């Protein structure tokens, strides 16, 4: 067995922490690698989303700001995980032998990382919640559901952070039993209940957002292929719910032939995947204007005044065109949502109108003297 350094001691439950060095190293490497990968990918995708909002659409919504806040917190969380993993790798032989640190530095980092993870999930749910609030602006029952999915996990998350910060040994003992800093440790049922309730409610609300995405698509009249594409785009921001469920399973069950530290590392692994996937997916789902621009270099979001009074403008094809607000039957989702942001569902329906216009062009007809330049920019619908 490796020589015990002065900053480590052998805990009373040493046998529960013994694990082959190679296995433990691979588990640590997994958390380390994913932290770096998601840190990079999240900044790339979120950066693109912010560029689309500020450059192409000339403005940011509430959900954009909350997503940016989420990304900053997640970045600090990922960096902290890298620091912890670096320490674990440096002393992997000692940890594999069942030894625990005598200093409080690493245990305190574990607590800080857990609190940052909880904060990341809270702010992300707020961002995604505002996204759906704009889509379901006229659906009272769904708005109530969305608000509950934002407030309830948020309150439980804050309570969980407060409980964990107060009773730190409850969490640190999950990673290291017999810590010198927790000499008289006793498991607290209240902390376990709060942590379990928050994890469960958080996973459920993630799945609720997935249902909301498909409910929104169901209200639109469009070809089934376009409908499937829109559903995939909208549900991307909810894929973190699957990771949250897997993480919850690791919290409940014990994995055979794996040390307690190894199980804790598996939870940490999914604690990176869950917010990382959610942030990336939510950012990608808002990049439709960029895809449209790449597909058609002449595409541009047009800007309209919020004044909904009927107006006319010359049509290069002949005749006059009315303000799109008058043709609410053509853009029901856009008019009813009153969204100030470029929403995916609105954009998908506008694509449907483009297709109808194009079919009219090929047949030598136009639909209601439709002009592509008259599409209402969703950011200016009030």
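In case you wondered, yes, glycine gets a Cβ from its N, Cα and C as well.
So that you can see what the record holds, here are the features copied from TrEMBL:
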type	residues	note
TRANSMEM	31-52	transmembrane segment
DOMAIN	48-291	domain 'Rhodopsin'
TRANSMEM	64-89	transmembrane segment
TRANSMEM	109-132	transmembrane segment
TRANSMEM	144-163	transmembrane segment
TRANSMEM	191-217	transmembrane segment
TRANSMEM	229-255	transmembrane segment
TRANSMEM	267-287	transmembrane segment
REGION	301-339	region 'Disordered'
COMPBIAS	307-324	compositional bias 'Low complexity'
COMPBIAS	325-337	compositional bias 'Polar residues'
REGION	355-382	region 'Disordered'
Intrachain neighbours beyond the transmembrane segment (64-89), with Cβ under 8 angstroms and 6 or more residues off its ends: 25, 28-29, 31-32, 35-36, 38-39, 42-43, 46, 49-50, 53, 95, 106, 109-110, 112-113, 116-117, 119-120, 123-124, 126-127, 130, 268, 272, 275-276, 279, 282-283, 286, 341
Averaged pLDDT, computed only over the residues in the domain 'Rhodopsin' (48-291): 83
The transmembrane segment (31-52) in contact with the transmembrane segment (144-163), cutoff 8 A, at least 3 CB pairs, sep 6+: no
Listed stretch, out of 109-132, 144-163, 267-287, that has the most CB pairs under 8 angstroms to the transmembrane segment (191-217): 144-163
Long-range neighbours of the transmembrane segment (109-132), counting only residues six or more past its ends (CB under 8 A): 61-64, 66-67, 69-70, 73-74, 76-77, 80-81, 83-84, 142, 146-147, 149-150, 153-154, 157-158, 160-161, 164-165, 168, 171-172, 175, 198, 202, 205-206, 209, 212-213, 216, 237-238, 240, 244, 268, 271, 274-275, 278-279, 282, 343
